[in-house]
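What TrEMBL records for 1-22 is compositional bias 'Low complexity'. Residues or ranges marked as region 'Disordered' in TrEMBL: 1-27. The feature transmembrane segment is assigned by TrEMBL to 34-59, 92-118, 130-151, 185-210, 231-255, 292-314. The domain 'ABC transmembrane type-1' feature in TrEMBL is assigned to 96-313.
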Amino acid sequence: MSSPSATLVAGEAAVAADSPRQPRSPRRNSARFFPLWLLTPAGIVMIALVIVPIAFLLFTSFTDYDQRSLFTGEFSIVGFQQYVTIFTDPDFWWAIIRTILFTAAMVLGTIAIGMGISQLLTRLGTTMKYILTIVLVFAWAMPTVASSQIWNWLFQPGYGVVNWMLTQLHIFGDMTNAAWANNAFLAYTCIWLLIVWGGVPFIALTMYAAQSQVDPAYIEAARLDGASEARIYWTIVLRFLKPTLLLVTILSVIWDFNVFNQIWLVSQGGPNNATSTIGIWAYKTAFVSTHVGTGAAITVVATIMLLALTGLYIRNLLKSGEEL
């Protein structure tokens, strides 16, 4: 014999099963989709400025689009012929090698100098710290076009300040008329200094902000145990900085791999394509030689390489168990 309470529960369940489900109110449905409405303007902008250009780039890389097509609108679908063309061109592989080596040199220089300055900021007084921070922000905020033009003036043959200073040191002889952009090594050095000078402030300030979050108790305990400052930095501080360091490394690789303005404005890829990275080569192919389809294929390959390289860094970051 069932109890009255069990009978009551069973009756309520039967009534609930027999009663029709109440439809959701329009207000509840509108509230459900309200976040999507808020994201619609940003989504439209994203589609217009990112998705559509990427789709057009991929489509163009499978065509013979060139200068003639710009005026007549006529072009043909050639399939993977553009990719076969660039993969069989020795200039493509030399551009890849130059890009990888140049990116590695710029990333290493930017990270090393930036971390050194961040360590210096932790040891300066308040006034000097503010002054150095302002200088770093000013250098980082300067447009690349303006900084490249200033660099050209500094290294200008005949009346450049750098040439004059090097001549006064009497180390390299008379450097007054040295044309930095006409020598492969000097051009690389000039561009490397320019890019590192512009990238160091971001690394320094980011790493300093991360280092400021390290618990001083760990450092004081290590000092009490007799650890040197170098050992404290490498075993304690750097361990806490690892996620931030990996993040700025990824960003530096992306930025330095895609660098264009500084190289083009200083040397235009010369002399004799010595400083022609894959971005410079793609630009020359598409807009100087007017082989737009081939230039699009080069850009697609460069994008795939960059995505693969960035994915490798992110994979290592996730495998290490760290969080960004």
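Here the Cβ of each residue, glycine as well, is placed from N, Cα and C on the backbone.
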Quick test of the contact rule: Cβ under 8 Å, at least six residues beyond the ends. What residues does that give for the transmembrane segment (292-314)? 57-58, 60-67, 69-70, 75, 78, 82-83, 85-86, 92, 96, 99, 246, 249-250, 253-254, 257-258, 278-279, 281-283, 285-286
Which residues, given as numbers and ranges, are at least 6 beyond the ends of the transmembrane segment (92-118) yet have a Cβ under 8 Å from it? 86, 132, 136, 188, 192, 195-196, 199-208, 211, 245, 248-249, 252-253, 256-257, 259, 273-281, 298, 302, 305
Beyond the flanks of the transmembrane segment (231-255) by at least 6 residues, Cβ under 8 Å: 103, 106-107, 110-111, 114-115, 119, 199, 202-203, 206-207, 210-211, 213-214, 218-219, 222-223, 306, 309-310, 313-314, 316-317, 320, 322-324
What residues elsewhere in the chain lie close to the transmembrane segment (185-210), defined as a C-beta under 8 angstroms and at least 6 residues from its ends? 102, 105-106, 109-111, 113-115, 117-118, 121-122, 133, 136-137, 139-140, 142, 144, 147-148, 151, 155, 178-179, 240-241, 244-245, 248, 252, 255-256, 259, 262-263, 266-267, 270-271, 274-275
